[in-house]
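I have placed the structure first, in the form of structure tokens, so that the comments after it can refer back to it.
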Amino acid sequence: MRWWQLKKRDADLERELRSDLELEEEEQREKGLSPEDAQYAARRAFGNATLIREQTHEAWGWAQFERWLQDARYALRQIRKSPGFAAVVVLVLALAIGANAAVFSVLNAVLLRPLEFPNADRLVQITSMKAGKPVGVSGPDWRDFATQNQSFEKIAIYDQWRKNVSTSRRGDDPAEVLVGLASPQFFEALGIQPLLGRLFTADEGLQGRNHVALITEGFWKAHYQRNSMILGHTLTINDQPYTIIGVLPDTIPGWLHGAQAQLPVFEPFLPEPGVWDESARAGRGYGALALLKPGVSVDKAQADLARIARSLASTHPVDRGVDISVVPLETMRTGNLRPLLLLLMGAVALILLIACSNLAALLLARNTSRQREFAMRKALGAGRAALVRQIFTEILVLSVLGSGLGLLLACGAIRAVRLNDPGKIPQLLALTLDWRVVLFTLAAGLGTCLFFGTAPALLSARVDPADALKQGGRSSSGVARQGFRRILVTGQIALSLMLLVAASLVLQTLEHLERQDLGFRVDHLMRGHLYLPPVRYATADAITRFCDELTDRIRVLPGVKDVSVTTVYPPRDGWHMMFSIEGHPVSRLEEVPSTIFGVVDANYLRTAGIPLTAGRDFSQSDREGTLPVGIVNQAFVKQYFPGVDPIGQRIELGAPASLIAQDTWMGAQRETISIAGVMRDNYNQGLTLPVAPQLITLFRQTPHVNFGFKDLLVRSNVAPETLEQAVAQQIHALDSQLPLSEVETMNQYIGDMTAVNRFTSVALTGFAAVGLLLAMLGIYGVMAYLVAQRTQEIGIRLALGAPRGAVAWLVSLQGFRMALSGVMIGLVGSVLTSRSLASLLYGVSALDPLTLLAASTLLVAIAVAACAVPARRAANIDPLLALRAE
Amino acid sequence: MSNEKPQHANLLLGTLDMLILRTLVWGPAHGRQIGKHIQRTTNDFLQMQHGSLYPALHRLEKRGWVTSNWEMASDRNREFKYYRLTEKGKKQLQVEESQWKQMTEAVARVMWPSAEES
């Protein structure tokens, strides 16, 4: 039923009644009555037309609806009468509901929205685990899983590499992009159909047949203007021609690859020659995606793979101690954001609770002042149910207004997040306001309405007409209502305290992360990434020569202080490398020491600003042919040379020859290094993990680990971002087809690493501020109301000689007592919920006593401040006026 | 007694639907005609209350027992809203008629037992 239908039918009824009435009139006239008398007679015969209409409406079954419309109209009139009150209510609601809708839309994007793949519920990620850490699968492992399992329809192997991609046949003007490497099963498991062309065939994963590429829709649009004749065109990837065979829809999310954005180009999985050889079994690090057979559970699949892993471990020593983990793809998507999201959701739920209790208090105060109105309505015959319904309608109208405004606020917040480079938190790329969010907001609004409206509506409707209509009637039920109000305020303070504590802890975490001494000089440092394609830089010699020339050119640029080409830089780790210490043979593979490892040039420590603590730095005299030297960090010394002078000690890179077959991939990397110096510990596993043992060597002395991946570090005297152009020009001058990518200052880089923390702390701080504001309003409102209620009593006290200071003190004490009990409850709440917060904190405990104390003090201070105005007003009451009012 | 205005509003309400349906058996009629007809047929024993008539008509229409549309009256140069009995309405009339018969017979048996037995 729609209201316009109602209107139409109402008009129809009116016409019917009028035409019958006119007929009656005519008949009366025909009987000989004068027109006037005829009219009267007809009216008389017809009776009360309005009543007929109302009764007919009843027959239509819309009376309920009409009554509600009436109530709504009345409610709107009431709102217009007190716009200030309405504005406060709508604003409080909008803030609370907007915050909830915004956080819910994040939750929706990351947790709730189903994956866009046909068999999303059967997709899992397979990872090999070593000592509890995920290490990825290797090619041979994958092949054995694929042939021996009984649980999967398909298992795909995939990876992503940064490569220089050019859309021209000659390969000029390349850009470094993330290229996905995927076995044909990858797209089959995801159930992806190409928009154009075809997917990889099984034999395209083989050497020599693999020069085909798939591009995604975004890349197609950006580089080929959606030209449908693109199939068969040549794409140059690392100086090699690849034929485009198909266009993929943009549905493969970057997080699947551990990347921040979608990958634009895919080629068949074949990252290096020999990846399928038995010698590559220990070369883990690839992703494996699998489609479960229908009806097979994740646990069963895991058990199945564990069985295969055990049999592999019995034949291949390198597979010993390797476990298998099978994780649904849905879980992968959430990644490490789950605790954060739950925390944020908890925080906004607290906001909503505070807002609810605030609104309940506001409504209660307002309805108390409207008691005479309610009593009048009751005296005029309105039932209690009618009163409750009417009060509810008013709340509902306010709720609808507040929810609408809240939704607008959420839209704004989402736009702000999207504009603020959401790529740093890849899951937020999918952030939108979809129907789930709208539905949630509506439900939150209605729920809030029910929650905060019930008590005031019921309490207010309990009015006794006779009592309230008496002049100046002060209702006796006021005591109960004041108790309820105190509970509300106490609750608000408790919830605000919890919010404040959480926000403060997360802020401290961010502070720790951004201000901690990372062990190197973060300022005035720029970095960028280079990839020297093996076609043109085939030998370690060629790579070294290019890097030396490049650093020579950049070093003389104005503003440049130092420059270094390296494969690692803090706070990032390099790759892990097994080694053996001369004179310390081990007998089992599990006992082989390992370290984070990187190859650098001689300027690395100076450029990065890492001080030496012992020994010497690399020098230009450390060249090919001389004994290779390495520098280790303090953690390395502590773990592997406790109480021994590490300088001059010799280690051998790679797994010990006695434990691993000579011809394996790992076995080939063997080189003796002499430790020349010790560098100060610098963060090398991100910002939150402790410093791990690290070893760096010169790439010109360790050619077999000298790959084409290089990072460029530039230390400057000027603002580092001003150098980007000049540095890129120098690279271009040496090799016009070599792109420099990921150029950013180290400060930006660190900032990106703390993006999630900053997002959290901004959100939580905002929520805490809203919570505090609401709590302050609540305390003020209640105290002001109490003072107003007790005007006479205070007047009498003053008249009887009570000093004004004592009166002010009395009022303040009341507020102080509420604040104190609220703080107590809030502290208990903080302690109870501290565990859920702990995983997001770094450098501060969830039960940090200083934080708890500071937050408590702040809240009590705010409460007392909120009491100040009512207290002053109480002290300034004129006893004469107060008594006369009685 | 026959001159007194009937006070049996309840009885009337309960049977009004049936009376309206029965009236419409003669053919389509507008509200005023229906009311008039009932009043006339009962020799003014049943006074038609407009406050009951129109809600009843709309109730019957909502239940699908009658339909309505605006038509020109044959005797007057004006449109009236004519109600017409539907198939569903005819069936309903039969149901109500038989119920009413049972009811009056039952009541009669209690009120005038000897007369009934003979």
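For all residues, glycine too, the Cβ spot is worked out from N, Cα and C.
Listed in TrEMBL for this protein:
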DOMAIN    A:87-307  domain 'MacB-like periplasmic core'
DOMAIN    A:347-464  domain 'ABC3 transporter permease C-terminal'
DOMAIN    A:495-730  domain 'MacB-like periplasmic core'
DOMAIN    A:767-879  domain 'ABC3 transporter permease C-terminal'
TRANSMEM  A:85-112  transmembrane segment
TRANSMEM  A:340-365  transmembrane segment
TRANSMEM  A:386-417  transmembrane segment
TRANSMEM  A:437-463  transmembrane segment
TRANSMEM  A:484-507  transmembrane segment
TRANSMEM  A:762-787  transmembrane segment
TRANSMEM  A:807-832  transmembrane segment
TRANSMEM  A:852-871  transmembrane segment
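When averaged over the domain 'MacB-like periplasmic core' (A:495-730), pLDDT in the model lands at 88.
Long-range Cβ contacts of the transmembrane segment (A:807-832) within its own chain (Cβ-Cβ under 8 Å, at least 6 residues beyond either end) map to 486, 489-498, 501-502, 779, 782-783, 786-787, 794, 797-798, 847, 852, 856, 859-860, 862-864, 866-868, 870-872, 874-875, 877. Per-stretch counts of Cβ pairs under 8 Å to the transmembrane segment (A:484-507) identify A:762-787 as the leading one among A:85-112, A:340-365, A:386-417, A:762-787, A:852-871. Helix, strand and coil counts under DSSP for the domain 'ABC3 transporter permease C-terminal' (A:767-879) come to 95 helix, 0 strand, 18 coil. Across the domain 'ABC3 transporter permease C-terminal' (A:347-464), DSSP helix (H, G, I), strand (E, B) and coil residues number 103 helix, 0 strand, 15 coil.
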